[in-house]
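K.L.:
Below are the features I grabbed from TrEMBL:
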- 126-168: domain 'RING-type' (DOMAIN)
- 291-351: domain 'RING-type' (DOMAIN)
């Protein structure tokens, strides 16, 4: 009996020692597998090569390179990140150590994801780096907590064991999800739509402010001042202002005015007979019937047209024609000239200097 007990104790000790060695070597991490990385690095390093089988290959560019484009569904397809569970050790087979938990089924992962969505873990920032998930890879643990894939890898590498940074639950299973990326895309779309709508509303409001005056008195005054300024600017821009032509016109008008004043200050210009005839025709078109001074008919019974017919009457009063085409009685005009104070004669109607010619009816 003692020998059997000693054998069982020895077997248990060996089994526990083997389990401890395997657990320290494997570390059972989901994101870092040292055995796989070592095997990948040391594989095919010193493999002998047959030189006769080696041949030179010239790349002419005619061969089409095969490009594998992943579908959109495959790029966002969720998958379990944990490696396949290792074989049971002797201690686990004997019942000395609890065996690892079985991989979760698809239905269990759906329940865990629903629990995470209810808690809003993907909406909140990562608990390790305190930044948004955005488009970076995201990992869901079996305890329904969510982290960045890189953050969880660094945490497991630092602690050397597989445990949740929040719940401290060990031997968690991990699954890659894309809820944070989907929420980030929706948030970006909402921001783009909000900025575009804001731009449309601001543009509409600016057009409204340009057409409808505000109710405030100060703003209303400023609104109409801007309108007047815009109208004046449009008027100025519509005119083609040439300073040289404008100044030349001013010089010509000043020169013409100087000629007129020099003629007035000098001797009176004699009017020819043809000019007097033109003045008579102009007076005839005016149809003057009465003298503007005495308000009496220019001729007792004859129409003023007789002035140009050549008929004369000894009882008719003399009628005078001025160079400004106005008609007066000669006696009335003389009386007006006697009462006027200036040296030069001025027409009683148009106030212009004149020359006169006596006519007989």
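Quick reminder: no glycine exception, Cβ is built from N, Cα and C everywhere.
Keep in mind the model is a prediction, meaning the values are calculated, not measured.
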K.L.:
Count the residues of the domain 'RING-type' (126-168) that DSSP assigns to helix (H, G, I), to strand (E, B) and to coil, and report the three numbers in that order.
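P.N.:
So the counts come to 11 helix, 8 strand, 24 coil.
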K.L.:
Compute the average pLDDT of the predicted model within the domain 'RING-type' (126-168).
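P.N.:
Per the prediction, mean pLDDT sits at 88 for the domain 'RING-type' (126-168).
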